[in-house]
Ligand SMILES: Nc1nc2c(ncn2[C@@H]2O[C@H](COP(=O)(O)OP(=O)(O)OP(=O)(O)O)[C@@H](O)[C@H]2O)c(=O)[nH]1
Ligand SMILES: [Zn+2]
């Protein structure tokens, strides 16, 4: 609790956003001002730049409105993917500015810390249903440490992970797929000399965030599934005048429905905010046993956590040893060196 209090008071100094899902909000008694904004129109944030938010009214990519934050929202972080309520001029005509009066509770949050020692979590994307972890099979070689960290971010943030393995013309996906089989993460394999039907199917009608290291072919993918993506990114990143390249997330509409949220600035996932128990919670067969562990168990077993109860689950035959090994690999990635 102490940690939470400290964090709350320090939010103000952050430039990126904090990151909390606020599950309590839906059941909280309605505040007095809510009825006053009964006419607010729903919209999704598609880009953020320096105190201005670009929003798609009714999630319609053809109804883009620029908005400011109503004073009553204080400094609540508002990021791409947030569902908001807008009042005022929502025409979207040049030089008009709507007012954002509400941020809906989030269904998921993709968050990270800047590095592993940074105690402050930052929100990257809100409400994405899935995270496409874009990894090339060669050139550059897959970085499983990064991949594992992305999985942890999914499990603790409420997103469905999907492995997106690119450059299959250069190397076989099988070894990588084998090493993730126990985690049961769905995968899409792509190569630039074949069509992208499987990828389109995976993305259709969903809100998908994309992460990947430089050079893995993420831009190639985005341009394939979103015609004119380069142009669109240029446009939204021009929200704050004078800025030509966007490093924050940008939501781009898919022609068949759904959105992809590119995260150009995100090359790493510090996970200082994640506890071992949060990771274990994503593994139903181990979650209950973890309650039998000594306090502050890191669940790594061996010399690190000799009394960890997770080994008993495997010994009893209720889970496979390889599942526990995969879980522990994720736990190690949480504390391991940044990759
Ligand atoms: N062989 C092969 N090369 C590919 C494939 N997809 C992309 N590339 C190449 O990989 C390089 C990097 O692709 P980009 O799409 O720019 O990669 P990125 O991940 O967006 O990288 P940044 O722009 O640095 O963020 C380019 O030279 C692409 O032509 C593929 O399926 N096979
Ligand atoms: Zn344990």
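Even glycines carry a Cβ here, placed using N, Cα and C.
Segment annotation: TrEMBL labels region 'Disordered' over residues 1-38 (candidates 1-38, 39-76). Ranking the binding-site residues 293, 297, 299, 308 by the distance of their Cα atoms from the Cα of residue 220 (GTP binding site) places 299 first.
Proximity to ligand 1 (Cβ under 6 Å from any of its atoms) holds for none of the binding-site residues 168, 293, 297, 299, 308.
Contact annotation for binding-site residues (166, 216, 297, 299) versus ligand 2: 297, 299, each with CB under 6 Å from a ligand atom. Looking at 166, 214, 220, the binding-site residues in this record, the fewest other C-beta atoms within 10 angstroms of the C-beta turn up around 214. The Zn(2+) site is set by 293, 297, 299, 308; from the centre of their CB atoms, other residues of the chain with a CB within 8 Å are 276, 290, 294, 298, 300, 301, 305, 307, 309, 310. Geometry remark: residue 168 (GTP binding site) versus residue 299 (Zn(2+) binding site), CA distance 35 Å. Sequence-distant contacts of residue 308 (Zn(2+) binding site), defined as residues of its own chain at least six apart whose C-beta falls under 8 angstroms from its C-beta, comprise 293, 294, 297, 298, 299, 300, 301.
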